[in-house]
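Enquirer: Found this in Swiss-Prot, in case it helps:
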- R24: site 'Transition state stabilizer' (SITE)
- K31: site 'Transition state stabilizer' (SITE)
- R164: site 'Positions MEP for the nucleophilic attack' (SITE)
- K220: site 'Positions MEP for the nucleophilic attack' (SITE)
Amino acid sequence: MTTPIAKSTRRIVAVVPAAGIGSRMQMDKPKQYLHIHGKTILEHTLSVLLGYPLIEKIILAVAANDPYISTCPLLTHPKIQLVEGGSSRADSVLNGLNAVKSAVQNSEDFWVMVHDAARPCLTHQDLDKLVQVEDQNGAILAIPATDTIKRALHNQQIHYTEDRSQLWLAQTPQFFPIATLAQALEQALAQGLQVTDEASAMEFAGFRPHLVAGRSDNIKVTRPEDFALAEFYLSRTK
């Protein structure tokens, strides 16, 4: 499955799933609405994507009863479109993909970057590397594992040590042809498969996405300690 796609014919959109509640942050609001340097994490994330010239449109998937999204000043940007999120990340992403497919005549020309709402430290340099991938397998940003990784037993004792030389930590954006990813997600959901990211759906469908080495500061704000780190990384770009 290595059909080349000419980069000159591709059109790129972004889908940002932002319907989660972020319970691990132990805050009174979803993590994407926490403020860093006067802007929400979501605003930082959207600003990076809006500033990348190859992205034509950003589909933002939010919860139907989201009480915070109306305060986002970027909602009036002509490139941003809201869609209702689903009960899972995969459902939210699929809703975003379907919104694109229903709005264009030929979705075969479109590729999508799916990016976490709570990953605000993305750089355009990493996006430049990601868009170099040309075949239907697509690609994801990722970093090689550097820590020693242990496989655990059910009682949290060590079972054995993994060979980290072949292990990578997945990041986002994850970059795929829209039609191919939509089909892969639909198949995975229909089969009840655990889809933790878009690449896993593509893997279930028989594709082998490329790993593009990203930056270690492209962190996802998931736990309270991540907040201070993101605050530091974002302070360098002010």
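Just so you know, glycine gets a Cβ as well, placed from its N, Cα and C.
Show me how these features fit into the structure around them.
Expert: Using a 10 Å Cβ-Cβ cutoff, K31 (site 'Transition state stabilizer') registers 27 neighbours.
Annotation note: R164 (site 'Positions MEP for the nucleophilic attack') sits in a helical segment as assigned by DSSP. Long-range neighbours of R164 (site 'Positions MEP for the nucleophilic attack') (same chain, six or more residues apart, CB within less than 8 Å of its CB): P144, A145, T146, D147, T148, I149.
The Cβ of K220 (site 'Positions MEP for the nucleophilic attack') has 17 neighbouring Cβ atoms from other residues within 10 Å, across all protein chains displayed.
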Enquirer: Using DSSP and three states only, what is K220 (site 'Positions MEP for the nucleophilic attack')?
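Expert: DSSP assigns K220 (site 'Positions MEP for the nucleophilic attack') to coil.
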Enquirer: Would you mind reading off the Cα separation of K220 (site 'Positions MEP for the nucleophilic attack') from K31 (site 'Transition state stabilizer'), to the nearest angstrom?
Expert: 10
Enquirer: Three states by DSSP: which one describes K31 (site 'Transition state stabilizer')?
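Expert: Its secondary structure by DSSP: helix.
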